[in-house]
């Protein structure tokens, strides 16, 4: 992925921690950026369509969630029929649009669905997928249960640094989805190992700033689609397909005036360490805790200025956890790139971090810091 990688050097608070800059790709020229942005028009249209269809399916399931709709994976995270249905829909649409050049790295597979007792859930998923395709009307097809299982398993590509690979989290923030809170359908495209396109469908995110509406819009005006292509900026539009507007990150430059996001679930990020960092930065506002990559969408339009994600020891990030959000924010931020081979946070203070690899989006008005292992492959 084309992001800034920095490695932690000193864990001591007595000395400012420094970071070795491991990879810093040069920003594209304005002329090449326009050419690149134009070359992914078809891919962007397909990604927006696929993510929007998946979002509608997820909305339908969330409104009438049944206990039988929830399973548990080996990592103890819940999986719903909406996860599987979302992945099947996105996989089907992308394969229809790009039959000769289709590779998908996605989170789910059909292994558990094929076990004894899974037939009822498979049939429900199949009905949801077919209902969604019928309402859309673009594809005159009725999928069988086996077609749906195969579409889910088409997401088992290993990816890689060569060629094009789609990356999908069919429902990022499953626990938020089950609570009726924030979640996102996160879809990105890698080309030559770099993220070149990203779409975030956030069905429960208010169309207005979280600072105005909070996480739950009083007027039920929710449902955002964020999208970005490398060199082309970031845009947001309602999920109903209304006109898109270009968005930019927060203009707040004083950390004391900034708000910061972190994961809702304490199991996903160390809230105590985030609190310490925020204190050292001088942030006065309490954290805004949101599930999923909806945080990236909110950041890209300026709802907050800082995002801290600090997973517990042993947790390994997957590429689908950040790929779409990465480009949505970077295109909205036009992140500052420092020419130095040693970089500081440049926000006026220093903070202690855990040992390990971290990546940073940095600009005078925005900071995103998370432990990451974002290989362009599944592993």
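Any Cβ shown, glycine's included, is placed from N, Cα and C.
Listed in TrEMBL for this protein:
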- 107, 169, 171, 172, 321: Mg(2+) binding site (BINDING)
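In sequence order, 168, 170, 173, 174, 184, 186, 292, 293, 318, 320 are the residues of the same chain, not among 107, 169, 171, 172, 321, whose CB sits within 8 A of the CB centroid for the Mg(2+) site. Other Cβ atoms within 10 Å of the Cβ of residue 321 (Mg(2+) binding site), summed over all protein chains shown, number 24. When each of the binding-site residues 107, 169, 172 is scored by how many other Cβ atoms sit within 10 Å of its Cβ, 107 comes out lowest.
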